[in-house]
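A short write-up of the structure that comes next.
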Amino acid sequence: MEGNANEDLIIPFLQQSNGETVKEAMKVAGFQIAEFLEQDIAVCRLKIKGMSCTSCSESIESSLLIVEGVKKAVVGLALEEAKINYDPNITNTNQIIEAVVDAGFEADLIGPEIDANKVHIKLEEECRLIIGYDPNFTGPRSIMSFISANYQASLYIPERKRDTERNHEIKVYRNLFFWSCFFSIPVFIFSMVLPMIPPYGNWLSYKIHNMLTIGMVLRWILCTPVQFFIGRRFYVGSYHALRRKSANMDVLVALGTNAAYFYSIYTIIKALFSDKFEGQDFFETSTMLISFILLGKYLESTAKGKTSAALAKLTDLAPDTAWLLTMNNEGNILSETEINTRLIERNDVLKIFPGSKFPVDGIVINGQGYVNESMITGEAIPVVKNPGDRVIGGTVNENGCLLIMATHVGSETALSQIVQIVEAAQLARAPVQKLADQISKFFVPAVVLVAVVTWMGWFIPGVAGIYPKSWIPKAMDEFELALQFGISVLVVACPCALGLATPTAVMVATGKGASQGVLIKGGNALEKTHKVNTVVFDKTGTLTIGKPEVVSAVLFSRISMEEFCNTAIAVEANSEHPIAKAVVKHAKNRLQNHKSQTTNSAVVKDFEVHPGAGVGCKVGSKTVLVGNKKLMRSFNVSLSSEVETYFSDNENLARTCVLLAIDGKVVGAVAVTDPVKPEAARVVSFLRSMSIRSIMVTGDNWSTATAIAKEVGIENVFAETDPLGKADRIKDLQAKGMVVAMVGDGINDSPALVAADVGMAIGAGTDVAIEAADIVLIKSNLEDVITAIDLSKRTISRIRLNYVWALGYNVLGVPVAAGILFPFIGIRLPPWLAGACMAASSVSVVCSSLLLQTYKKPFASTR
């Protein structure tokens, strides 16, 4: 679209119109439209409050999916967020939020922790603007300058909602717990302590009227605020759960506390109107139960906040300010200005002092120094940076003053991409979570049924005299004893622990992995990775360093070396393959050494890539092929014995030979070597010790592939394989029952990464490789393959341990609460103690997941 006077007028209209209206408006404005693509899917994220267990998240998902236009909805219990894909032509965020509210939960629209190419501006202390922009055309500083010319404007830094809301939640539960204790501790003292130490508690037995005592009235007065005001959230949660025909933990707590409270009210009424009634109230059961549950919620919220600590640390890596340089055409510095990092634009020149952090990704244009990248890659050893080297935002310049040019800003930076991947991973649901989802569907109704059966099982035999009266504690009758057992069953059962078992472990593991340079895209990737028994490695850039160098060049005809080099440059300059770049570099250096000119006057036409073989094109009137034997044979180019000998000699030295043919005849060749990574053999050996098989697949020739494989200890090799062939080899292995992980770094690895059970893009790879991968290994170190597999195994083991604890707790806790041990050893679980056990179970599961924070790489002990 060329510049147009109507452009300024049409832009505001475009932002408020649907697809067809936009299309017509653009035609009216004079623009030619070759093809119009309408964006049918939008994505929004919601912060959801009030979820307590898996049934809550399932109810929200069901409510969202009912909304017309919603395509997909994922709700994360531990993260307390939802991600919704919807059609903006059918519905909007207000209707989506309304659906969540109708389901009984609070919802707020949120954005990512690092706003994607948006600038927040405050106008004259009142109005706040959020302006999105395309960094290819403008930037936040330019927008600020334009607005400041007409208004009093300043940069506004929004609060991080996730941290703010988490801290608010912790504060709310803490305050509720303290207020609950303010009332429940006196109730506990009046009912359980003072009556046991006469004469200090005798005054509590003073009768006001008939059998109504001062102690009963005081306990009722102190219990009521706890039951109906402090414990209001349980009533609200129960109401909404029952309204949507489901049940959750709130229902169990409300049933248990109401049973204790209203039975106690019954005893007060009977005591008021009877001069012979002797009954015991259970006000302390209600208050202590609510207090312990609130304590558990407070501790659980605090612990859940720590599960996302790694993500919070990542978002804090970028510095607040940076030094912007203004330079003239000669490269002289005209001025230095300290600016907010949110105002940095692409191509800005920034000055990084020793000890300072890099604010954005960029390229060093002046200076030399060592950079600590451990916070991004997990690599502790500082990396030397020279002009032309790339730097990552958030890393630290340890020494030397560097000038960098910003290349990636806003959502494009590596740090922003990492945060977005981790956020998505923490929201994704692992398949192992299905166990908790299935159990949650019948858990609460089953517990209520067991509680009723427990009450009947103690009350009816007691009335019938089946068990001795000595079993009934003093001041209780059969009904009250049975009621205590029934309430204990209601409140001891804990669906929360089951719901938190998987998401909390996934949150900690993905955050820990990110801090170690391993980005795991959610629970599904974690679960698949722990099953891997076969790892398929690409060769170039994966097992090898990925920076090929030409070590020899030879001519097989009367063509001059100058013509050979110029032809190679003309053809290979159009290819992005590492070997092609190595050939171009060598050819240019050779021409410079011979003081020859690089001539690019020949026009390259019909350039065609032959995956796994090479390239072909027309250079002027000549047909040129550059590639391996496979390419030559496919075009019926004959290979002389001299060419075959050169090929075999170099292949035996693990070198790759590239042939250049002109008009059907091989005129020359180069031998390229790509050194094997120093840790490759060690990684293959370590995988073998884990009973994991290693295989190499490459488009290179068999001789070179076999030599490389022998050097690193790999026995199984697939060579001369194109990208689709790599994917086919993966499928063949899967057909034999193997769980396959593919490790690659380039575009030609993408089909195999997708075909594998687990795709690992190493060295941050290309954008396509990253998109296709389940796991992104930021560094080019193969040891991170071990880290990814080992971390996934540890995480799945921790999830299983969490399930064993959560299920085991309920399997053991419910029978004990029902009184199964009481006839034999006299042990009874009072309701308030049962509530404390329930709260402790959720906290223990979260703390169990937090132990993954102590994870260390398996190679750390061998270095």
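Cβ atoms are placed via backbone N, Cα and C, with glycine included.
Feature list (source: TrEMBL):
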type	residues	note
DOMAIN	42-108	domain 'HMA'
TRANSMEM	176-197	transmembrane segment
TRANSMEM	209-230	transmembrane segment
TRANSMEM	251-269	transmembrane segment
TRANSMEM	281-299	transmembrane segment
TRANSMEM	442-461	transmembrane segment
TRANSMEM	481-502	transmembrane segment
TRANSMEM	803-826	transmembrane segment
TRANSMEM	832-852	transmembrane segment
Determine which residues of the chain contact the transmembrane segment (803-826) at the Cβ level, with the cut-off under 8 Å and only residues 6 or more beyond its ends counted.
-> 435-436, 447, 450, 454, 457-458, 467, 471, 485, 488-489, 491-494, 497-498, 501, 834, 837-838, 841, 844-845, 848
In the domain 'HMA' (42-108), how many residues does DSSP assign to helix, to strand and to coil?
-> 23 helix, 24 strand, 20 coil
Cβ contacts under 8 Å made by the transmembrane segment (176-197) with residues that lie 6+ beyond its boundaries = 204-205, 215, 218-219, 222-223, 225-226, 230-231, 281, 283-284, 287-288, 290-291, 294-295, 297-298
Model confidence over the domain 'HMA' (42-108), averaged pLDDT = 85
